[in-house]
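Undergrad: According to TrEMBL, the domain 'FecR N-terminal' annotation covers 21-60. Under the heading domain 'FecR protein', TrEMBL lists 124-208.
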């Protein structure tokens, strides 16, 4: 997983995003005003388990001491204060958590940005929110980027390398035996001789789907895995594999569609985020729900409404920048 650079009043240090997420969750628990002794015990155990946890807690509490000043907008600040004083139900806690995350992750006094995101800003090929685009490369290959994706092109005399920093791409490879084309992610390197291959980077995992022939994954520890045509594989930097059989439907975004086959709602939300400005938060309970269907990506309002109609969930919108999904 790429490190997160946290810049605040105490200088710079590296904190993992998972630690920050957990610290925000604990802050919401304490702000609720109803904390049991068991919860306090679990909090202390979490904080003392790793220096990263203590550092994340320090940054989150330091941010909140500034009374939500990075939120800027008075109506959001007032809403946050009101909910913090009276967070008596799960919905309010979810909103408090989202407002804390927005302020902490997007504020001016405490900036959290993953290293890959910083590199993505200056990448050779990139797309914005809701944008899909095809790029022609000098060697005759082409790269189609999904929304909010970024790729660097590193072609040399003896090799062709594409570095996927974020998002998802489909590469149509022009064969060149003297210069094999590889696609690097945070979790390893994918090598395919020719044909089409889909590669995705999501959080701490990568996904590969070769269409026309086998592909090879070289993991960060040097281990290698072979992937057959038409078969998808999720993998991480520790060479853990999660196969996805008959995964061709995963490329439906190229036609503006999201096809889902018995997948968690959290995965659907992850696919929506590159197409929607703002923040979407989802509760752990809602995240576990299973989804089956086909949806139009370019109309996220309609997509979300379709989910509400078919799943036992509710979606609350707090301005155009924040949607909170929970079980109904």
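Each Cβ is built from the backbone N, Cα and C atoms, and glycine gets one as well.
Those TrEMBL annotations? Automatic predictions, nothing curated.
Help me picture these features in the structure, burial and contacts included.
TA: Residue counts for the domain 'FecR protein' (124-208) by DSSP state, with H, G and I taken as helix and E and B as strand, are 0 helix, 51 strand, 34 coil.
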Undergrad: Can you give the mean pLDDT for the domain 'FecR protein' (124-208), rounded to a whole number?
TA: 95
